[in-house]
Amino acid sequence: MYMIAATASLNSIDYGFDIGVSSGVALYLREGFDLRDVQVGWFFSIVPITAGLGAMVAHWLSDRFGRRGNFLATQFVGIAGVTLCALSVSYEMILVGRCLVGISMGIGMSIDPMYISETAPAEHRGKLTTWAEISTNMGIVLGFFVNWLFEDLPENVNWRVMLLCGVLLPSLLIILTLTFMPESPRWLITKGRTEEAKSVLTRTHPPGTDIDAVVHAIDEDIKQAELYEATTWKSVVCAAKQYRHTVWLAFFIAVAQQINGVEGVLFYAPTLYERAGVAETKQDQFTLTVTMGLVKVLFIGVSMAALDSVGRRPLLIFGSLGTALSLVMVSLGSYRELDVGILAVVGTFAYVAFFSIGFGPVCWLYASELFPSTLRSKGMSLCVLLNRAGASIVNLCFLPLSDLLGGQAALFGVFTAITAMITVVAAFAAIETKGKTLEEISAPKGVL
């Protein structure tokens, strides 16, 4: 099970790598192609926009061809997009390549946590599903590191090499998907391939586990969902009363994870440090950004260790409150007249730490847990669509809105207010799912 989770998480490393490497590549593209703030915003936001489109295809791929087929589709599309970006001779070519990268990410984000969640034993699901999140953070740091490593290459070559490094992990995952990864046992059961599912469950569950009981519970969950007609798009968007709370909670957290400004902080970190007056050179900007990424990875490890003991709900609320307070520091540090730019550094470090404890892992863990088996792929697709829509808005509006409000200080003040409201809603709405099987969580009695 650990090997399966690690293999699936390579997809998340690749997703994080694009976030990390793009923050540095954008600096060179701005100079090399003489881009305006709006064009830089589109460079970042076109990926989450098209990721939403990819997410809407992902459920069809997942349900028709299985989770493994989804993994393969993701990697081939992603490799094509990265290669086109790296070989581009115009801004328009880069955008086309970024569209392909976005579609790949949307498909991948819909499958990664869901696959691990469907395969893992209940008592280890929180920790193992969090591997997708820690892998995303490792990918972000890897992207930051590649920026730093190839900074001194000749102009117009450095950013191309940075991007091309992004084809290595997808190539490895294609090989592992074809040779090692099993199909999701829950998908196999929905297709009537029960014996194959038992074989996979035997491999992924501890010795002595009553596999027949696990299969029976999955069968009952599928029958229960069919009883409440929880099999169509309408039943996701307009969920039956028995599932309404968990479904809408998953959607809320998917949106909330992005509208607090996280990708704005990650993508625009070098720009943020420059405008705060604490990093004048690209080397200084990349050094601070790499350090921020390392902090993010460290604290996702803390969350991984606590999700199956402390629980999802306490970590979500604590992390949300911490991100709100951290944004106050970022806002003050970004106010040049106060001359406390160091607060922007401390604030971003604190922000990614609290985000990695709460929103980061809990968002996708909830999304993979809160839907019944018959709706999981569709629900996950909609969660990714909503999440990427929030990211698109933040990425596209970050620089223009910052200028409109008179600086980053006011913009981060807005993010502070949004995050504070999210914290209040989470305190009332979040539920606890630790230690429960997916079938227990989605059972109607678990919602009442």
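Every residue gets a Cβ built from N, Cα and C, even glycine.
What TrEMBL says about this one:
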DOMAIN    4-434  domain 'Major facilitator superfamily (MFS) profile'
TRANSMEM  40-62  transmembrane segment
TRANSMEM  69-89  transmembrane segment
TRANSMEM  95-116  transmembrane segment
TRANSMEM  128-149  transmembrane segment
TRANSMEM  161-181  transmembrane segment
TRANSMEM  247-268  transmembrane segment
TRANSMEM  288-307  transmembrane segment
TRANSMEM  314-335  transmembrane segment
TRANSMEM  341-367  transmembrane segment
TRANSMEM  407-431  transmembrane segment
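Two recorded stretches are said to be in contact when at least 3 C-beta pairs lie under 8 angstroms, sequence spacing 6 or more; the transmembrane segment (314-335) and the transmembrane segment (247-268) meet this definition. Of the ranges 161-181, 288-307, 407-431, the one with the most Cβ pairs under 8 Å to the transmembrane segment (247-268) is 407-431. Counting Cβ pairs closer than 8 Å and at least 6 residues apart in sequence, the transmembrane segment (288-307) and the transmembrane segment (128-149) reach three or more and so form a contact. Between the transmembrane segment (40-62) and the transmembrane segment (407-431) there are fewer than 3 Cβ pairs closer than 8 Å, counting only residues 6 or more apart in sequence, so the two stretches are not in contact.
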